[in-house]
Amino acid sequence: MNISTLRLDSNPITTATATHRNGILGCNGTYSCRFNQFQQRKKTPSVIVCSTKPLASVVDHQGVNESGLSRIESLSQVSGVLGCQWGDEGKGKLVDILAKHFDIVARCQGGANAGHTIYNSEGKKFALHLVPSGILNEETLCVIGNGVVVHLPGLFKEIDGLEANGVSCQGRILVSDRAHLLFDFHQEIDGLREAELAKSFIGTTKRGIGPCYSSKVIRNGLRVSDLRHMDIFPQKLDLLLSDAAARFPGFKYGPDMLREEVERYKKFAERLEPFVADTVHFMNDAISQKKKILVEGGQATMLDIDFGTYPFVTSSSPSAGGICTGLGIAPRVVGDLVGVVKAYTTRVGSGPFPTEIMDKGGDLLRFAGQEFGTTTGRPRRCGWLDIVALRFCCQINGFASLNLTKLDVLSDLPEIQLGVTYRHPDGSALNSFPSDLRLLEQIKVEYEVLPGWKSDISSIRKYTDLPKAAREYVERIEELIGVPIHYIGIGPGRDALIYK
């Protein structure tokens, strides 16, 4: 398929260039030409795509006030959106809103365990797991970086679902040739591993993320680039499957499984080829051409393999450092990072949760906020906002600003608590977020109690129009962590955002 430019309604945009055996290249076989075409909005399009609905980007632009537009446009060339808690903070919505002002939105780590829920201009809900949230913005190119583990059946299912709902993906998604392939058997092993751990289970999404990263680290994993060499693909896959069978007696492997998988992946390879690219070269080329790049983090810092509540963590680095290793870009080019944090705290699965509300209050938050996992559907544990953990996340990532989400969920509460200090059993204060899980189980949390506002704030769009108690809550968080809150979510829709 050779498409040079597309036009949606009255706005010309560019999309896929000529496909090539080595990925999506520009008109002269280089990645740089790809960007030149992507930005040529005034040239006559060769293909017209008609739409009966208004452009989401136009609707969004009209919904952003002057101060909001100024906030967005002031973000650095390479910016990022990262989670500040244990995931599910609402990162996808902010990425979706910001994407219109960026040329590229990129995923750098994780896999289909990252569930991002976003809504289009008509209020239709999209649950994405691998495809970057910028896909709903027609002029945005989406990149799945080398640090992501890719389950091809899941990726194709997402693409098919988007296409069926009028969202064009062809020529708008690049998949790194260095990304590792996540197979169905990785998911099976994930379940066997949880059963093996019995009572000490980690509570994974069972999407095969950990086993796939394990294959990567012990160096017998397969990468997207291996799909270009189907002559030796069966031998590599046989080695991987044999290793899994040796490690897990419950995993049954035989010649039929290998034969079936090879046939499946021959078809997958053919379908994936137009999306494959050397994204490391692509991203650095984009940076040198001053293209604006938005990095979308999956999961969150408190699930980081190094900085999270280990071992109750994910298998990648959803912190600032994961941006560089997961995309192949230099630390010096990474600019503003926006941390996304709920106005309260949630967590899915096992692991320490110091500010968890164990009584009916937790249930009230869960149902008011519809706290059920995008990926698993599991009910999330709920608690008060943990300032100690949030300050730790801000320290690690160096956030320029924060997006406080779901402030509207707290509207019916007579009073709201903030967990401001951790104390040892003897009453002495901890100076930092501890790595010791036993200590985390023993600590006592000291709370500040603030008044609630007992009024619906979901239709408010100006910060000064918020109830005084709501503003005091926001400003107290800023005082405690020392990072400004620039975005406040007061509902799930794209327009339900206050720019502060």
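Even glycines carry a Cβ here, placed using N, Cα and C.
For reference, Swiss-Prot has these:
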| type | residues | note |
| --- | --- | --- |
| BINDING | 87-93, 115-117, Arg380, 406-408, 489-491 | GTP binding site |
| BINDING | Asp88, Glu89, Gly90, Lys91, Asn113, Ala114, Gly115, His116, Thr205, Arg219, Gln299, Thr314, Arg378 | IMP binding site |
| BINDING | Asp88, Gly115 | Mg(2+) binding site |
| ACT_SITE | Asp88 | active site, proton acceptor |
| ACT_SITE | His116 | active site, proton donor |
| BINDING | Thr374, Thr375, Thr376, Gly377, Arg378, Pro379, Arg380 | substrate binding site |
Quiz prompt | Lowest local Cβ density (other Cβ within 10 Å) among binding-site residues: Asn113, Gln299 | solution = Asn113
Quiz item: Nearest to Ile490 (GTP binding site) by Cα distance: which of the recorded positions Asn113, His116, Gly377, Arg378, Pro379 is it?
Solution: His116
Quiz item: Taking every protein chain shown into account, which of the binding-site residues Lys93, Arg378, Arg380 has the largest tally of Cβ atoms within 10 Å of its Cβ?
Solution: Lys93
Quiz item: Looking at the binding-site residues Gly87, Gly90, Gly377, which sits with the largest number of other Cβ atoms within 10 Å of its Cβ?
Solution: Gly87
Self-check item: Between Gly377 (substrate binding site) and Thr117 (GTP binding site): CA-CA distance (Å)
Solution: 12
Quiz item: For Gly90 (GTP binding site) and Arg380 (substrate binding site), what Cα-Cα distance in Å is obtained after rounding to a whole number?
Solution: 14
Self-check item: Inter-residue Cα distance where the pair is Lys93 (GTP binding site) and Asn113 (IMP binding site), in Å
Solution: 17
Exercise. Find the one among the recorded positions Gly115, His116, Gly377, Arg378 whose C-alpha lies closest to that of Leu407 (GTP binding site).
Key: His116
Quiz item: Just checking: which of Gly377, Arg378, Pro379 have a Cα that is within 10 Å of the Cα of Gly87 (GTP binding site), counting only these binding-site residues?
Solution: none
